[in-house]
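Asks: Take a look at what TrEMBL says about it:
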TRANSMEM  53-72  transmembrane segment
DOMAIN    64-333  domain 'G-protein coupled receptors family 1 profile'
TRANSMEM  81-99  transmembrane segment
TRANSMEM  146-163  transmembrane segment
TRANSMEM  175-194  transmembrane segment
TRANSMEM  235-257  transmembrane segment
TRANSMEM  277-297  transmembrane segment
TRANSMEM  317-336  transmembrane segment
Amino acid sequence: MKSTTTDLYSKYKDYIEDYYNAEEGTRRGDWVFSIIEKYPIQFYEIVEILKQIYEVASFLSFFINLFHLLILTRKSLRNHLVYLVMIGVCICDILQSLGNMTKILMTWMYQFEICFTGEYYKYSHMIVILLTKTAQIMSRRCSSFLALYIAGVRALSVIFPMSNIVTRWTTPKSGFFAMILVGIICTAWSFIFFKNTKLEKVLYCGIGQPKPSYVPYKFKENSKWEFTYFLIDGYMAMFVSISYAIVAFALVIALAVAKRRSRNLKHENKSNTSGMIILMTVTVLISEISYAVLYLLNNEVFQDFEDQDIFKQLDSFVLTILILSSTVHCIICFFISSQYRDTVKGLFWEKRQEKDITASVVKSTVPLTEGSSKPSNTSN
């Protein structure tokens, strides 16, 4: 007897009983916003535009953060606690962009057949997407907690400048151990998502769509654990946002008190570093609040409503804000921190000056050698 298990999705409908029309039997539920019910196509078009913006922002952020990482790893910066921990933040931002870039490149490099709208690909393709989502969850949490650590330690060093305990916390060694600890915790948190995510076969296609030659898979949707997981993740983002606001306020007050005590500060780099941290705090605060609001509204307001599907896809807009926030960090460091700016100048401008000096020395020595050879020829 001929087996048909290897050709499940052949062009002949030998397994027609395994398929059903996905558009039959659907029902319209309640809508939170009636305008979305009236113009669903227009809202889906807006979502697609936001996804394209997110894709472009991912590539842009990836290359900018690579340059940022190159500067932060210079010896003049990595020996400082703030810039050392910023290396970890920058790596997390690169992973965030790289995860989305990987999903995009997978659709370019590997052939896939459209059977239905959504992420329905081969099993191996879906595993790669799952790994990228896991890495993005880890990098988001790790980046936010490390940035909070930078702001917290800086605030404590300004408020308690004579404390021995705070002094030990501001050493590069303490920052390195903090990076390792936060990385382990965030990796464990993202592993929960990886372990509980389930894949299921897609045994139906849209009306008029040809069946693919392979068995497509999709992520199992509307799982209770997933709603709970991202709800907790949203609460963590909200906790980070509130903590950021408290730390930033304390840092501003401490700086104002310090300037009142002494108008002429001896260490200018410290004031530059504090200003840089405050601006970074504002950018991270905006991105974390938007991320938290998205998932809190998704679970508390849009749960079981028809427009929840559109609202969930707004994560592209939120992730774009997060990526742009990480990109702005490089710009903030360059314009606010004189130490960062001097490192950039020393890496590029001094090399160019050395080449110019070498070229001028070579030009100046050529006439001397020519002039010295002429008398020798005449003497002979």
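A Cβ is built for glycine as well, from the same backbone N, Cα and C atoms used for every other residue.
Quantities reported herein were computed from a predicted structural model and do not represent experimental measurements.
Looking at the shown structure, what environment does each listed feature sit in?
Replies: Counting only same-chain residues 6+ beyond the ends of the transmembrane segment (81-99), those with a CB under 8 A from a CB of the stretch are 58-59, 61-62, 65-66, 68-69, 72-73, 132-133, 135-136, 138-140, 142-143, 146-147, 149-150, 153-154, 170-172, 174-176, 178-179, 182-183, 273, 276-277, 319, 322-323, 326-327, 329, 333, 340.
Beyond the ends of the transmembrane segment (146-163), by six or more residues, the same chain brings 81-82, 85-86, 88-89, 92, 169-170, 175, 178-179, 182, 240, 243-244, 247-248, 250-251, 254-255, 258, 270, 273-274, 277, 280-281, 284 to within a C-beta distance below 8 angstroms of the stretch.
Beyond the ends of the transmembrane segment (317-336), by six or more residues, the same chain brings 50, 53-54, 57-58, 60-61, 64-65, 67-68, 71, 86, 89-90, 93, 96-97, 100, 140, 143, 272, 275-276, 279-280, 283-284, 286-287, 290-291, 294, 344 to within a C-beta distance below 8 angstroms of the stretch.
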Asks: Please average pLDDT over the domain 'G-protein coupled receptors family 1 profile' (64-333) for the predicted structure.
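Replies: The answer is 84, the mean pLDDT of the model over that range.
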Asks: Would you mind listing the long-range same-chain contacts of the transmembrane segment (235-257), meaning Cβ under 8 Å and 6+ residues beyond its ends?
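Replies: For the transmembrane segment (235-257), the nonlocal Cβ contacts are 141, 144-145, 147-148, 151-152, 154-155, 158-159, 271, 274, 277-278, 281-282, 284-285, 288-289, 291-292, 295-296.
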